[in-house]
Amino acid sequence: MPTESGSCSTARQAKQKRKSHSLSIRRTNSSEQERTGLPRDMLEGQDLLFLQDSKLPSSVRSTLLELFGQIEREFENLYIENLELRREIETLNDRLAAEGQAIDGAELSKGQLKTKASHSTSQLSQKLKTTYKASTSKIVSSFKTTTSRAVCQLVKEYIGHRDGIWDVSVARTQPVVLGTASADHTALLWSIETGRSLAKYTGHVGSVNSIKFHPSEQLALTASGDQTAHVWRYAVQLPTPQPAADTSQQLCGEDEVECSDKDEPDADADASSDCPTIRAPLTSLKSHQGVVIAADWLVGGKQAVTASWDRTANLYDVETSELVHSLTGHDQELTHCCTHPTQRLVVTSSRDTTFRLWDFRDPSIHSVNVFQGHTDTVTSAVFTVGDNVVSGSDDRTVKVWDLKNMRSPIATIRTDSAINRINVCVGQKIIALPHDNRQVRLFDMSGVRLARLPRSSRQGHRRMVCGSAWSEDHPVCNLFTCGFDRQAIGWNINIPALLQEK
C-alpha cells in the first residue's frame, strides 16, 4: 500500500483546520430561531465541545465559558427589565389618554446596546448597565414634563462674526449690551433689541475664547489663544429700536425638523464692518504659557482670574497687572473658570475630570477643595444662588453640588450629548445646557427637564452650541446662545409657574 507523502499530510491537516473553522463560524452565526429551538444544556454542550476541540489551555477555556455565561445573563436581565418598563409605559399612557397626552417609550429600541470587539467582558457589562440607566433616565424625565411645557421664542439673531463664537455674555451695567467672543480673533458688542453691532475689539492676535463684563463699569475682560487676557473699555450708544416682526411662538417639543449645515449664515454678511473698532487694551494680563481659555472678574471688579491650557489659573490685580496668586493642582488643561457673584470664591474645571473650588475670603490664606464625580472632561462649572455649584462634562452629565458636601452631587442630569459652557438663571433657578449635537435644553435644579429650544430649517443653531448666558432683567431676550455656526441667538423663555414650583 502506498504511503502518504509529507506534503499531502500537511495539506490534509490544513483542510481539516479550515473545515473545523468554518463549522465554528456557522455555529456562532446561526440565527436566534435555530438556537432557541434547542435546549440550553444541548447548546452549552456544543459550546463546551467546541472549546474542548480548540488549542486553548483548559484554564482559558473555563474562563471563556464563565464570561460567556455572564454576558448571556446580562442580556437576559436587560431584556426582562425592558419588557417590564414597556408595560409600565403602556399603563401610564392609558392613564394619560383621557388628557390627550401620551408618552413615547421608543427610545429603548434605538440600538443603544452597542459593543466593540476590543472591549473586555467586564467593560461590556458596565457599558450595558450605564446605557440602561441612561435610557430609563430619559423616560422618567419625559414623565415629569408632560403636564406643561415651556414656551421658547426666538427673538433675534446676531450675525457678523467670520468664525465660530465660543462665548456670549450680557453687560451688568447700563447700557445693557450683548458681548460675543469668536475664533475670528475679535469680540463684538451688540444691541440686544436691534441686533446691530456697536463695537468691535481687535486687540488679540489669537482666538477670543471668552468675554465677561465688569460688575459696575463699562469694561470687558477677554481671554485669548495668544496666551493673554485683556481688559478694555467701551463706550456705546444704543440705537433706537425698530418694531420687531411678529414671529409665532413655538413650543419646545422633540419633533422640530432637522436642518443641515448648508443653512448657516452668509459669511459675507459682515454686520460689524461699519461699527467703531477698539484696537488696544487698557491692561494686558500676561504670565500664562498656554492658551487662556477663560477669564472672569472677582466680586468688586478689582481682581480677575484666568484659566489656561498650561494647567494653571492665575489671579491678577487688574489695576497693576500684577500676578497675585498662581493656582496650581490640576493634572491637565483647564477648560473654564467662574467666580461667585457675592463672595471671593473661584471654581476652575479641567480635562482631568475634576473641578476645584478656591476660597479667597481669608486674605492671609486661600484653600482649595477638589470635586470628583465626572468620568470625562469637565467643560464648565458655575455658581448658583446659595451654596451650590453646577458642573457639566463631556461624559454627557450635569451635576448639582452642595459646597458643604463635596462627596456626592445632590442631583444628576443625564443627556445624550457632551455638555459645553452651561449657565444658570439665578432668579428662576434654570440651567441652560448647550450641546455638541446642536441642541439647547433647559432643566431645573432638581434635574427635571423643562424645555428644548426650537431648532428647525428656519431657526436655531446649525452647528455645535458652545455657550449660553441669561439676562434675567431684560424685557426682550432673557437667554442668549452662541455656536460654531458663527451666530448668537436671543430667546424669550416663558416658564409656567407650575413647572417653577416643581
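Yeah, the Cβs are placed from backbone N, Cα and C, and that goes for glycine too.
Just so you know, TrEMBL annotations never went through curation; they're auto-generated.
Straight from TrEMBL, the features:
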type: COILED; residues: 75-102; note: coiled coil
type: COMPBIAS; residues: 1-13; note: compositional bias 'Polar residues'
type: COMPBIAS; residues: 22-31; note: compositional bias 'Polar residues'
type: COMPBIAS; residues: 32-41; note: compositional bias 'Basic and acidic residues'
type: COMPBIAS; residues: 253-271; note: compositional bias 'Acidic residues'
type: REGION; residues: 1-41; note: region 'Disordered'
type: REGION; residues: 241-274; note: region 'Disordered'
type: REPEAT; residues: 158-200; note: repeat 'WD'
type: REPEAT; residues: 201-232; note: repeat 'WD'
type: REPEAT; residues: 285-326; note: repeat 'WD'
type: REPEAT; residues: 327-368; note: repeat 'WD'
type: REPEAT; residues: 371-411; note: repeat 'WD'
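Note on the repeat 'WD' (201-232): residues 163, 166-173, 179-189, 277-286, 288-297, 299-301, 304, 306-308, 316, 318 of its chain, located 6 or more positions outside it, place their CB under 8 angstroms from a CB of the stretch.
Sequence-distant neighbours of the repeat 'WD' (158-200) (same chain, 6+ residues past either end, Cβ-Cβ under 8 Å): 206-218, 220, 222-224, 234, 236-239, 241-242, 244, 265-267, 269-272, 275-278, 294, 421, 463-464, 466-471, 473-474, 476-477, 480-490. For the repeat 'WD' (285-326), the DSSP-based tally of helix, strand and coil residues reads 0 helix, 24 strand, 18 coil. Counting residues per DSSP class in helix, strand and coil order gives 0 helix, 21 strand, 22 coil for the repeat 'WD' (158-200).
Taken together, the residues of the coiled coil (75-102) have an average pLDDT of 75.
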